[in-house]
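According to Swiss-Prot, the protein carries these features:
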SIGNAL    1-13  signal peptide
CARBOHYD  217  N-linked glycosylation site
CARBOHYD  639  N-linked glycosylation site
DISULFID  678-705  disulfide bond
DOMAIN    678-713  domain 'Anaphylatoxin-like'
DISULFID  679-712  disulfide bond
DISULFID  692-713  disulfide bond
CARBOHYD  1190  N-linked glycosylation site
CARBOHYD  1317  N-linked glycosylation site
DISULFID  1525-1600  disulfide bond
DOMAIN    1525-1671  domain 'NTR'
DISULFID  1546-1671  disulfide bond
CARBOHYD  1560  N-linked glycosylation site
């Protein structure tokens, strides 16, 4: 950084001092202070120093002496230890440094000061991952390329970098400290990490920051989700980027190519939709044939005009194209979608962002414009005309043509006028109204003296830039020289003087273009006139080809190779450059093209260092400097304004025009705009299949809306009936449709083959940049590999080579297609595709290896096999049906051998088998204080609900702060969903999310902990809060009250909650006083009763948001809650709102009058806090305090809390208890009793779930507020330094970790085996929080806890009659059937899900209707819900649901309320996307939003149930499945001897042998539970507690139960393996499988019967023998 100071003298005037310094300087950088001394004959001493802005602490100083005309440089180094003066806002970069130059000579003394904004961005780190997308449990590799800002080509060494791995919820899951070593030579390898098996899908980030710059992060992003690699890539390529409303057709090219460059032939099914944020409207669907990978589809304009006769109404929409391509070679299906195709009137957009808005009369004025298509892409080779007008006169009109980037430029020389009007317009072969046009006004430069810089604006590296400087002034003879500077990335890299040419002609400066000027630099020059006037100008020059030919890859030999082939690469680059290599499967980029490292991304990172704000000079002398990123200070008062922001001010954008929509049907035209939607919704067919009269019951609103809906609905019904009498055409299902549709989320990744490889580093150590040849071996994948080289050198910085594409293929090969996962016991198909690219046909034998625990069609132990003939240049599919019997990963191996040939192919991939049931999560938290040493235990027992023989994943995480886990989940919308683990999806969710974010910002600002979480998170949270505030204002009514939606009645409680949050938010963002005080005034005027209480006339939708407010003593708790909100706003509104204090006093009097009668714990707690806020010494406050203290509950661990009543109407106990305890904690903090408060905090900490939240929203928000207040109020900050040793002796698990101040906010989850106790040994000092979470599949009950709701779920096949008919078809939406490949492209089947529920109120309920109600539907394997149906159910005026969400195969549906007097029913379709049989039943649950534990759960399945073996099951497959079942021995079979039974009981692995009577049989989900009363214990095994008459559970799968045939109350001999789990009574339970022995065993009373006497003799001998000998013999 250079500080330029000029001292000028004249004979008649005092000398002038000029300081020009970059307005943003870098912490830790060298500040080169250039002192330019002119026209002096004496020595000048200059003392230059840098100071902290507020404290004036001297940071650095140097003294230099100038002699005559020689300039000098003083170098100051700013360290990294500059104190941050704004402790409460440590994430902000608004801190200044004062630079002072004191000039002394015999005749002159002057001190002048400049201020520069301090930037912490000392460098940038380019981060590269080995691919852009991963699945859970996959390893991520990354590397970093660190660069300096001052010199991006100087590789920093011996600095440390902090690397944070941040998950999709914004939580730091891992922190790594990396030291840049000299041996790294520019490429720092990160420590690879594995994504946890249980991870939320979304975008993860790797943040890397240099030491000394804690708030500047460089990042790389990657996506995490389950995905597949497609078989081939489909591309949609419109001939035009936009659809113009005057075009008659829209032509689209459809291309499809395999990733080995082979072309796909087949059929493309193309659908066109109009979208504007509402339900997509199908415009047209058609099919086209693909020949050699290419096909053509055309959308006629007339199709659009059928929906909107007025073409301009289409401008409100965008066009979406979806296509499904079915290959004729192998009947494989892939899809593509192109969204956001604009429908426009103008084809082009013209901007001039790089052109100055100020001109200098009689000097050249340079104008550069950028022309883009309406979709934002560059308009290449487009004719442009330009004219400049002065009044009515036009100056030199010009015609140009854009280059490949859409750029063109021209120069004019304007006369001496004050204003120019510049008009630039495209001149293509389109009508005039379709051209693009830009009109702007340029103003005259403010000074009467000018300077002009004439340069070539784009230069290549290595060229020499000729700069011509021209001065225009009436004092031209006084100008002797120019001073110029070259700035790049905010740094002055070059400065000098140039003597002015005699005669006033242009003075030439030659500037060699060097790498440090790339990718863009500024040239600024000025001269000084007598009297001190400074005349300046600046220009921006682009530098290209910095990386051209600096790094490249080439392949020796042919570019097409076979898998496993060795290849030789030539790597050409800069000498001594370090190069990182990477090869990625092109199919990966087809799945996700985002997050790739590109050269453009590197350039943009470098450009962010530029502190200038415009491309050219500003309005006047100071503007030229400030716009170039410089501060200018002179002793004559000509100064720039101190810079306040690192970035540039944003230019306000023009608001988009609002486009009206034409009514879409003539029926709708009969109604006014207000009620038109009512008619349109009536025209649509209901997904529920209900008639108009039934639908009418759900229509709310004015009578006109109801009438419009009914009339239009009846007309549509009549029309459908008339059309249904006509002929129907149905596309029949073709044979190829029996194959699975490839779906991105269901198909397994190619785990056997790498998706990326070649992750190595090389050094160009040879001369001329040629590296020794690199030899690599290709993986086995048939694909094209995208090989990339990234180079970092001292001369060029970071450069990327053009990708080298390596095709890996064979003439004959096979591909194995597997779903991502299947459930145990479900029948599915293994699909193998045989590709033959030879000319002749091949006869092939394809075999599948036998896999233990997977049933297939093998016979007598032989491999399943199929013989097939594949034509030349063709493909064929062979399938192997299987039924997996064991959970886990199984290797599926396929081999194909060609008859008569010596070649073949083989593939092995992993099939993931998941357990039955539904996923469940159990969590526990504990707060631990350590003084020196502490040992404690946590139970880690396996739940009795776990699916038999399935895995339990248990994770344990530790954080060194009670609030850490909660805080990091409060900073953005996605993370809050992790904090509050209940559904969100209605209007009030905005406040649910704003409140915790606000509290977190206040807390972290107060305790100055942003650095440990990540300083970038503060700006993100501020932005999120601002968006929330802006969004919440849309719910405000004209009278300043609030409701969930504008049309709903105003809610007192919600308005008060808004007041509370706004009062807090004002501490961190700008909240208009009227927006805060208006709601307070509304409450006081409209919602306060005569007795001082506040009332609620319009309840919120989220009644759960209210927490304990409401129910018994609701009028008291409501008044207390509202009073608290008004109290918090008092400092802002106490004066402006009339009757403010009077209202509060009346509310206090009301509460005081009720204290003695209060019974509910929650009401006591909130009332006490409200009274304490108003007057803690009042009699009512003391009285309520006594009540609160008397109701305190103490735990043995020293914790204290307040237990709410279990019969509470509003919430289940734990949530209300948390909320009451939070108010209790706030009360103790008001009394400054921190010792007791600590005990309360400990209890609250242990109530949290794994994500840091509690049971609901209000208790989470209140607990966060109270705990944060405790942390802020505590007198001293508790430091932490704790060593932990976590062990589980039963599982041989041991993990050691350390928690320090640096890592206290880092959450590192560790996987721990389930079962047994966990021992935690802690040593050191500090407090930490330990959280444990278990994730498992639990047995889905057929019904559960249906005391609050009833629920019915039925499934029916979708009826052909639901297909859209004629003109009403687009209203009804596409009714997709199994056969409709043209509509859906691979949907296997369509079913209708019918759901009915009813509320069952309790005696103490005050309402006969539920509050906000949720239905959670777990989707059947391979099925997805029909979104169009769901949207219609939500958006139509006969509204059936309030909202819906789809996450991770779970559909969540919201209702405002459910009645108790009748069933509330609706229906929607579900579509089968993956072929599967023997589908396991899954659950649907209904519950009240604010009481998620009280669920009513029902099982559902397809019609027919598929509980037994599928009728499609082949004989061999069925027999295999049956073999896995326990086989009941023949009844009273005397051929089975005593010895046979003894051997069976004593064989290895058999743990028990019991005789017991079956008391009960219960079906639970996919399993049957038998309750057995044990009569005789023959062999007890591990179950040492078992005795006769004891009860044990025996479990068998429902698919096996029919063969087993156990009956009540018969007696059986049962032998089998040990029980892995225990029931709720801590008793072992046993799974019956193929190793089990089940035999009917007669009771003694039956042994007198002749037909069983022989068998009974064997029975007695066996029992006696086992009792005497056991298994010892």
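Even glycines carry a Cβ here, placed using N, Cα and C.
Here the features listed in Swiss-Prot are painted onto the structure.
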{"residue": "639", "record": "N-linked glycosylation site", "Cβ contacts under 8 Å, 6 or more apart": "622, 632, 633"}
{"residue": "678", "record": "disulfide bond", "Cβ contacts under 8 Å, 6 or more apart": "671, 699, 701, 704, 705, 706, 708, 709, 712, 1437"}
{"residue": "713", "record": "disulfide bond", "Cβ contacts under 8 Å, 6 or more apart": "682, 683, 692, 695, 696"}
{"residue": "1190", "record": "N-linked glycosylation site", "Cβ contacts under 8 Å, 6 or more apart": "none"}
{"residue": "1317", "record": "N-linked glycosylation site", "Cβ contacts under 8 Å, 6 or more apart": "937, 938, 939, 940, 1288, 1289, 1290"}
{"residue": "1546", "record": "disulfide bond", "Cβ contacts under 8 Å, 6 or more apart": "1670, 1671"}
{"residue": "1560", "record": "N-linked glycosylation site", "Cβ contacts under 8 Å, 6 or more apart": "1570, 1571, 1608"}
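Summarising model confidence by region, the domain 'Anaphylatoxin-like' (678-713) averages a pLDDT of 77. In the structure as shown, the Cβ atom of residue 1525 (disulfide bond) sits within 10 Å of 20 other Cβ atoms. Each of the disulfide-bonded residues 712, 1600, 1671 was scored by the other Cβ atoms within 10 Å of its Cβ; the lowest score goes to 1671.
The CA atom of residue 1600 (disulfide bond) is located 54 Å away from the CA atom of residue 679 (disulfide bond). Between the alpha carbons (Cα) of residue 1525 (disulfide bond) and residue 679 (disulfide bond) lies a span of roughly 58 Å. The least crowded of the disulfide-bonded residues 679, 692, 705, judged by other CB atoms within 10 A of its own CB, is 692.
According to DSSP, residue 692 (disulfide bond) sits within a helical segment. According to its DSSP assignment, residue 1317 (N-linked glycosylation site) is in a strand. Shown for the domain 'NTR' (1525-1671): DSSP residue counts in helix, strand and coil, namely 41 helix, 50 strand, 56 coil.
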